[in-house]
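**Student:** Mind looking over this structure? Questions follow.
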Amino acid sequence: MSLGRQTAPSVQMGLGQRSAFRQGGRRGPCVRWEGGPACRPSLGERQVRCSACQAGARLGQACRGRGRRLPPDMLTIKLPQLFDIHQVPRVFREDGIISGYRHPRSSALDCILSSFQMTNETVNIWTHFLPTWYFLWRFTMLCSSLDFLNESYTWPLLVYMVLICLYPFTSSCAHTFSSMSAEARHICYFLDYGALSLYSLGCAITYGAYVMPDCWVNSWLHQNFVPIAVLNTLICTGLSCYSRFPELDFPHWSKVVRTGAFVYPFLFDNIPLFYRLLLCLGDSCSHTEALSSHCHHLLFAFLTCFLFASHLPERLAPGRFDYIGHSHQLFHICAVVGTHFQMEAVLADMSSRRGWLSAHSALPSFPGTVGALGVGILLNLAIIGLFSATLLWAPNGALSPCPPNHVPSPRRLEQKEK
Ligand SMILES: [Zn+2]
């Protein structure tokens, strides 16, 4: 299937074409992938096109009546074309999403503009872009009430707040620019996974500092919680980026690997919380002030994971939830609501346990907080750079991450499709 850049169809139509629409002709002016079927514009698109044509025709008549001729481009309004699932390459297709796909070789400007047009990615973009501003606002409020520069007790929270602003912003950008090319799509989601992985590191840093049960403070796990989390972030980013390679040929395997890549650090980060909730509930170490927020967070985290793995509801009714209500949008919403409750729980633990923690354990150190974040960022960028370089420059099919069954790389699959 050829993927050459094609311009969006013009809405300027001749009388015959317009009457074809009105006489029940279901096919408008078409963009056709080589060898692919003709496109069928949506009802809304047809209405916009027809009114644009009528306006253009009236303008043309008025100008002809005055003996002037307008350049053809002035009578032409170009609208971004959306595509159905069979019109885009396999790598762009989503389970249960039938329509609303953007051009697979959109320009960066088209991608930005598409966030204001209803496509199957629009709600994905906004459900993480708006929460970014909410978390930034909360961060600014905390900056005015806490001394992040001089009080080392607040550094774990500083790292956490930076990362809960970063991950939805990166995700929003990834969804915005993922239709520039197949390679760009993979790299956008590599960065998205990296930001999520760093968020899990931020959770570990902040849980290690504020959420650890009293009886585990200064234990081996407490001392090594952050270094293990740095290692986890490498495993998480590596596995999640790898999971994109076998995605087309082995979608279930890819899904299992990707889900496992994020569930594993989540479970590790929450070990102290699970202990507080399950084994010392009611004792002094449970610190009930924060527990309801922690429970809400866990509930939304479970929902997030379920939606990510299940592809519900669009799996039950393919095409019904293309624009609004599909699982990825719900996944985004549950993730940010869960993060909100997690932030409230961390703030509650941080303030209510400050005296006890300061008296019974060492204050958080710069290397264990900001330093760990810096190391995490560098290592994640290195992994993402490695996967991106493999994707862009490896000889055909010679990608190393898939030796067992000689799984073709995304790049090779793209070439096979051509
Ligand atoms: Zn997403």
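Glycine residues also receive a Cβ, built from the backbone N, Cα and C atoms like all the rest.
Pulled the feature table from TrEMBL, pasting it below:
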- H175, H328, H332: Zn(2+) binding site (BINDING)
- 1-10: compositional bias 'Polar residues' (COMPBIAS)
- 1-26: region 'Disordered' (REGION)
- 153-169: transmembrane segment (TRANSMEM)
- 190-212: transmembrane segment (TRANSMEM)
- 224-245: transmembrane segment (TRANSMEM)
- 257-278: transmembrane segment (TRANSMEM)
- 290-309: transmembrane segment (TRANSMEM)
- 368-394: transmembrane segment (TRANSMEM)
**Student:** Against which stretches of its own chain does the transmembrane segment (257-278) lie, if we need a Cβ under 8 Å and a gap of at least six residues from its ends?
**Tutor:** 193, 196-197, 200-201, 203-204, 207-208, 211-213, 216, 221, 228-229, 232-233, 235-240, 242-243, 246, 285-287, 291, 294-295, 298, 301, 305, 308-309
**Student:** Going along the chain, which residues at least six beyond the ends of the transmembrane segment (224-245) come within the CB cut-off of under 8 Å?
**Tutor:** 186, 189-190, 193-194, 196-198, 200-201, 204-205, 207-208, 212, 254-255, 257-258, 260-262, 264-265, 268-269, 368-369, 372, 375-376, 379-380, 383-384, 387, 399, 401-402, 407, 409-410
**Student:** Does DSSP put H175 (Zn(2+) binding site) in a helix, in a strand, or in coil?
**Tutor:** helix
**Student:** I'd like the number of other C-beta atoms within 10 A of the C-beta of H328 (Zn(2+) binding site), please.
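**Tutor:** Around H328 (Zn(2+) binding site), other Cβ atoms within 10 Å: 21.
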**Student:** Taking the Cβ of H332 (Zn(2+) binding site) as centre, how many other Cβ atoms lie within 10 Å?
**Tutor:** 24
**Student:** Do any residues at least six apart in sequence from H175 (Zn(2+) binding site), in the same chain, have a Cβ closer than 8 Å to its Cβ, and if so which, in order?
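**Tutor:** Looking at Cβ-Cβ distances below 8 Å from H175 (Zn(2+) binding site), excluding near sequence neighbours, one finds E121, N124, I125, H128, C188.
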**Student:** So, in DSSP terms, is H332 (Zn(2+) binding site) helix, strand, or coil?
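**Tutor:** DSSP call for H332 (Zn(2+) binding site): helix.
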